[in-house]
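Chemist: Below you'll find the structure I mean.
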């Protein structure tokens, strides 16, 4: 009987503790949601009201003169559909090609035995300490001198200069030192006995990479995909420098369209809501995979 | 299987190499087709301004058949990065606009060639809309902007504060007394100086106050040192006042940027620009006062020099670019810019035709302020460094740093930069 009472008391205590934990978690979730709520709510308000509501709870509530005018204003000011399409093309290409190129490089460094691979890995890691801003201007010069094929007058011709193109936004960012390092680390955890068995069965290195290493490295691929997706989607400085044609600009450069002498804050919020939505959808759709991949690969974002 | 894949790759590679070796170089180079004049603006996202450009370009292209203007628009925030990158890649457009104070740096860096417009045209423009570097005109603009102090007549009358005029602006003592009175009578922060803003705004907004007090950003006679100008007794006196304006809670840096606090009547006086006048007029109506800047001792001053047009050094169609610019400086276009953007037209005749800036226009006062008090920022290639150094020093002082030593450090940074660039050719 006494044991029964003690057990019931412990159950109540456990329940109370859980309620408190959930309250704290809900509080934290609300805290982290504030910026998003502010953004979406402000996208429905006129500029003056956004600024007047700052500093109070009204900033987070859809009160006052609520409308979709800011969204209409965004379409008047910015070719938002075109910018979104460009960002999707650039991001998908960088992430997709990056997974292939970097995993192959990581595999070569981790599994193949060749002279100088340690030095190569060191050089790859050393690239991580060079800030992009320091090499941006020289890179502009280089890409402006690179040869390219041009299709015009019904035939293939060549020219020099990659400015104003998709490839200039994609190719420099496919190979990524951190991704190579991460793949190399992950592949090194796969037992080498599997490679040896495959070699005995007649498999070449590419077959081992494709049929064995890749299927066993799902978490590493997911992690690299996440870590390269966001910087690719958020590219700003590089496209500002190398893309002059409005039809090729990505979404983040479009953000600057709203910062005139008088900033159209309502339209800024509407635009950011529109360009954040795809990222949120991707995150929500793959939330479980993201969390498990980060946990499995031991990388924090 | 493996060999088949390899042979496909090799075949594809050979085909690509053969195609590349056999094909001709594309005929169109970066300068565009013959007679094509590339033109970059900082106006992306500004439909009013772009509409006027579209009209000018359509009219110019239709007026002759020798040249064709091809326009590209960039957002203002990334425009200078695009220009710097294009210069590095030798891909600058023929025609480019630029913020007035940046022009000397671009001219010194070899981006620009002398403008070469007729003297009669240059002389008809407001002096601050003409960009001169080492006695040569490199740029000219369709408009200028101006700063003033916004106030409500009813508020000043209620507090028995004299309304200053262009001929008799507030002295510093009067101004101090006015903000003290306003603070005592209900305004927790009576003055919005715009200190929440960042970047070049700081030198645009506050260096005229320093100049009104007798200091400056640099010794303009030589352009070789800021010593004595930025850290002399007049500068120390001004920055001591500037610091006290914040410690006395006359002003703060809490924002938001813009003029909303004045519109909401949370501040009584707002130091802001012509670009906020239309909204203020709509909100406050006839009660709005557009007041001259404070006289800190050597006469009121405001910053001059807004966006201007230049021709790149490597432009293959410079004559065409000049023909376009000459064509574009028609009063009807200047008035259209002025009324769509609420900026001060660069000619008196265009101002006379403007809805806002004619003698009877609601914002005529800005044209007067610009004519009487505007002072261009120092025309030196070192201005970008001067400006960022000034911003850092002024912010440090606002936050309580010791005035003289902070200014000495700023002078040292500016002078070091000038020396490292061989005095920028001065």
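Just so you know, glycine gets a Cβ as well, placed from its N, Cα and C.
When I checked TrEMBL for this same protein, it listed these features:
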DOMAIN    A:84-286  domain 'ABC transmembrane type-1'
TRANSMEM  A:20-41  transmembrane segment
TRANSMEM  A:83-107  transmembrane segment
TRANSMEM  A:119-143  transmembrane segment
TRANSMEM  A:166-187  transmembrane segment
TRANSMEM  A:208-233  transmembrane segment
TRANSMEM  A:268-286  transmembrane segment
Chemist: Give me the stretch from A:83-107, A:119-143, A:166-187, A:208-233, A:268-286 with the greatest number of Cβ pairs under 8 Å to the transmembrane segment (A:20-41).
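Modeler: Looking only at A:83-107, A:119-143, A:166-187, A:208-233, A:268-286, the most contacts with the transmembrane segment (A:20-41) come from A:268-286.
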Chemist: What residues in the same chain, six or more past the boundaries of the transmembrane segment (A:166-187), come closer than 8 Å to it by Cβ-Cβ distance?
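Modeler: Sequence-distant neighbours of the transmembrane segment (A:166-187): 86, 89-90, 93-94, 97-98, 101-103, 105-107, 109-111, 121, 124-128, 139, 143, 148, 213, 217, 219-220, 223-224, 227-228, 231-232, 235, 238-239, 242-243, 248, 250, 297, 299.
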Chemist: Excluding the flanking five residues on each side, which residues at least 6 beyond the ends of the transmembrane segment (A:208-233) place their CB within less than 8 Å of a CB in that stretch?
Modeler: 87, 90-91, 94-95, 98-99, 102-104, 107, 111, 173, 176, 178-179, 182-183, 186-187, 190, 194-195, 198-199, 251-252, 278-279, 282, 286, 289-290, 292-294, 296-297, 299, 301
Chemist: At a C-beta cut-off of under 8 Å, are there same-chain residues at least 6 beyond the transmembrane segment (A:268-286) that contact it? List them, or none.
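Modeler: The answer is 36, 39-40, 42-43, 50, 70-71, 73-74, 78, 80, 83-84, 87-88, 222, 229-230, 233, 251-252, 254-255, 258-259.
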Chemist: State the non-local partners of the transmembrane segment (A:119-143) in its own chain: residues 6+ outside its ends, Cβ under 8 Å from one of its Cβ atoms.
Modeler: 105, 109, 161-163, 168, 172, 177-178, 180-181, 184, 237-238, 241-242
